[in-house]
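Student: This is the structure, below, for whatever I ask next.
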Amino acid sequence: MMMDDDMEKGGLMPYLDRPRTFPSMRSKPYVPLIFRVLMGINVRVLFVLLLLGFGVVFYVGASTSPIIVFVFSVCIISFIFAIYLCKWVLAKDEGPPEMVQISDAIRDGAEGFFRTQYGTISKMACILALVIFSIYLFRTTTPQQESSGIGRSTSACITVAAFLLGALCSGIAGYVGMWVSVRANVRVSSAARRSAREALQIATRAGGFSAIVVVGMAVIGVAILYATFYVWLGVATPGSMKVTDLPLLLVGYGFGASFVALFAQLGGGIYTKAADVGADLVGKVEQGIPEDDPRNPAVIADLVGDNVGDCAARGADLFESIAAEIISAMILGGSMAQRCKIEDPSGFILFPLVVHSFDLVISSVGILSIRGTRDSSMKTPIEDPMAILQKGYSVTIVLAVLTFGVSTRWLLYTEQAPSAWLNFALCGLVGIITAYAFVWITKYYTDYKHEPVRSLALASSTGHGTNIIAGVSLGLESTALPVLVISVSIVSAYWLGQTSGLVDESGIPTGGLFGTAVATMGMLSTAAYVLTMDMFGPIADNAGGIVEMSQQPESVREITDVLDAVGNTTKATTKGFAIGSAALASFLLFSAYMDEVATFAQVPFKQVDIAIPEVFVGGLLGSMLIFLFSAWACAAVGKTAQEVVNEVRRQFIERPGIMEYKEKPDYGRCVAIVASASLREMIKPGALAIISPIAVGFLFRILGYYTGQPLLGAKVVAALLMFATVSGILMALFLNTAGGAWDNAKKYIETGALGGKGSDTHKAAITGDTVGDPFKDTAGPSIHVLIKMLATITLVMAPIFL
């Protein structure tokens with residue numbers, strides 16, 4: 001009892017009186033090779049090289065289109081702004097030595113795992129690049145490619161180069177997300193000793209740095225690839241490729257981004273949730289110690305997991321979402337412009353790049369709108385961080401509506417249909433409203449200020465079983481409103497596009513699909529700010545862990561607890577946002593796939609008849625793929641968590657002095673267990689996602705050849721993609737929302753409600769939280785990456801299905 005009192009007051013027991021040191025997880029700091037090379041170059045030489053690089057980029061851009069020059073300019077200015085945010089965050093103090101030592105241990109563990117994980121992913125990417133190159137050497141080419149002189153070998157090189165560039169940029173996006181989070185966490189902890197508002201501002205600006213870099217890289221990567229191919233292939237010159245066909249060459253970029261994002265999400269999700277489950281089950285339930293208590297051997301692994309799972313993986317995830325949406329919208333814009341015989345189609349093709357360039361600008365304004373207060377007294381009442389973040393989001397939304405209208409008038413105005421730009425502006429408004437609705441719906445189901453989570457917490461008072469039943473039912477119910485919102489947005493955007501006045505040579509309206517593409521762009525037009533809110537979550541979570549482990553006063557922990565609870569909600573709302581955007585982006589990619597099949601087969605391919613037995617089987621296989629993938633992802637967390645639980649129990653038994661602060665836990669052992677297990681376990685579900693659509697399409701192509709159905713393989717893959725998308729959206733909504741609600745029900749009880757910490761109600765809530773951990777941070781996020789990767793795989797591999 002005396003020990004508990006001392007802990008509550010921030011007092012230190014004899015073990016803690018000694019210098020608190022935490023083991024490094026590796027021998028020396030890790031810096032990726034590309035950064036080591038840059039750091040080894042003389043500053044003046046590097047400056048000259050950067051100037052030359054910018055000169056080449058702008059020359060290529062100017063040779064392509066003034067729109068590309070605009071995109072390059074905005075992206076570079078945004079990168080400069082990101083550097084400012086980074087310097088601002090790093091200028092803040094790191095607090096006392098014990099905080100710094102804990103932060104160093106977290107950083108070392110995160111960077112060590114990142115190095116190993118991305119080394120594995122890069123090897124798999126190189127192998128897959130060779131497979132793609134081999135396939136493209138023997139595949140058919142389109143008539144447009146043949147007429148412009150692009151042979152099989154050139155097409156293979158283009159696709160492989162795009163794939164590797166997408167994979168590299170996705171990896172860098174993940175590294176940036178992790179790099180800033182492991183440095184900002186201790187600064188947020190230190191700021192929490194002074195002011196809740198200052199801690200909130202640091203966490204937000206750290207997340208903003210990562211978000212601006214991720215979105216900027218996605219935009220400038222596609223823009224550079226487009227401009228390079230435009231100049232290299234002499235597009236729009238006599239006898240060369242048409243500009244409307246150029247976006248099809250970019251699909252490899254989206255596939256590379258999806259490939260890295262899937263494995264990053266799987267590996268990081270398995271790591272973070274296995275450590276979290278192991279730490280909670282033994283530490284909280286069996287030993288009755290607080291969350292992030294330094295006596296828990298798995299606590300460092302848990303805090304490392306927040307960075308590799310929630311920051312690195314989410315950065316790669318949103319990078320992939322934006323890249324896939326941009327490329328699919330460019331394909332559909334070019335296809336529609338070609339059918340409508342629009343004189344200058346570049347505006348319709350490059351429109352997605354401009355929208356996301358404006359996203360960088362308006363999100364930067366939203367980030368800067370969150371400011372610290374002059375009164376930094378600890379006596380000042382804690383403001384609601386969610387309300388502050390929501391104000392910033394509202395500012396971003398208003399600016400998004402204005403800039404979207406400007407973009408449509410600038411790029412989508414055409415003499416053939418003078419009012420079409422207004423229809424497309426309304427499509428964008430539909431997308432923006434959809435994004436806001438998704439954020440609000442997810443917040444309603446996962447924030448403990450609202451009835452669903454409080455009802456779930458109340459169910460915990462009658463036992464573990466009723467908690468699980470209530471959580472599952474809440475997750476199932478939460479799929480209804482998002483599906484209705486998606487349905488209304490797709491139909492509304494399609495109808496607005498169809499009535500835009502754009503028609504083909506036969507007078508048939510052709511703007512429907514592009515209308516849905518514009519709605520998707522509208523939904524993602526605030527992506528940088530949404531990612532900022534997402535990155536805020538794990539940074540706040542880590543800050544709370546550092547405060548707890550360094551035994552700061554209870555008043556400081558109260559601040560970080562509030563930030564942590566809000567972070568759980570922002571993470572859940574971002575996942576809801578990501579699922580909604582994945583649904584719309586997958587619809588676009590599906591339409592782009594059908595266009596590509598029609599281009600290669602030189603026959604119309606507008607419908608998929610599920611009354612054909614083989615096609616129906618393809619749909620069943622697509623739905624089965626989602627459930628099997630989810631099962632393997634959750635099982636991977638369960639297996640790894642068992643190893644962590646056994647290790648933590650072993651340490652408590654063999655080192656009884658841990659509970660009395662007389663012996664130190666072996667943190668490094670738990671880190672090693674989850675690192676090796678997560679890398680091992682991510683292979684099976686990842687391989688399933690890559691191999692399944694290729695194998696199904698190829699097998700049914702052979703069957704179609706012998707049964708006289710030449711497009712059977714393409715039709716079966718289309719059904720697989722369609723059913724997988726529908727099943728995946730519902731499954732991801734269920735998993736993400738249920739997991740987030742379980743987590744915040746536990747947080748609500750920890751505020752003192754229904755018996756508070758240590759009560760039977762709290763223990764039941766912990767059980768629900770551990771069940772929900774693999775739902776919301778492993779299987780759920782991985783599924784919405786999976787459905788987009790399935791779509792990009794089918795785009796890249798479409799020729800082998802014919």
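Note: Cβ is positioned from N, Cα and C throughout, glycine not excepted.
I grabbed these lines from TrEMBL:
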type: TRANSMEM; residues: 33-61; note: transmembrane segment
type: TRANSMEM; residues: 67-90; note: transmembrane segment
type: TRANSMEM; residues: 158-182; note: transmembrane segment
type: TRANSMEM; residues: 202-226; note: transmembrane segment
type: TRANSMEM; residues: 348-372; note: transmembrane segment
type: TRANSMEM; residues: 392-413; note: transmembrane segment
type: TRANSMEM; residues: 420-441; note: transmembrane segment
type: TRANSMEM; residues: 479-496; note: transmembrane segment
type: TRANSMEM; residues: 508-531; note: transmembrane segment
type: TRANSMEM; residues: 576-594; note: transmembrane segment
type: TRANSMEM; residues: 686-704; note: transmembrane segment
type: TRANSMEM; residues: 716-735; note: transmembrane segment
Student: Among 202-226, 392-413, 508-531, point out the range having the most Cβ pairs under 8 angstroms from the transmembrane segment (67-90).
Tutor: 202-226
Student: Can you tell me which of 348-372, 392-413, 420-441, 576-594, 716-735 gets the most C-beta pairs within less than 8 Å of the transmembrane segment (479-496)?
Tutor: 420-441
Student: Given a Cβ distance threshold of under 8 angstroms, which distant residues of the chain, six or more beyond its ends, lie next to the transmembrane segment (202-226)?
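Tutor: Residues 57, 60-61, 64, 68, 71-72, 75-76, 78-79, 81-82, 85-86, 88-89, 92, 162, 165-166, 169, 172-173, 176-177, 180-181, 183-184, 187-188, 191, 246-247, 250, 253, 257, 311, 315, 318-319, 322-323, 326-327, 330, 350, 353, 356-357, 359-360, 363-364, 367, 370, 389, 392, 527-536, 539-540, 543, 563.
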Student: Residue list, the transmembrane segment (392-413) vs rest of chain: Cβ under 8 Å, 6 or more residues beyond ends.
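Tutor: Distal contacts: 67, 204, 347-348, 350-351, 354-355, 358-359, 361-363, 365-367, 369-370, 420-422, 424-425, 428-429, 432, 436, 439, 518, 522, 525-526, 529-530, 533.
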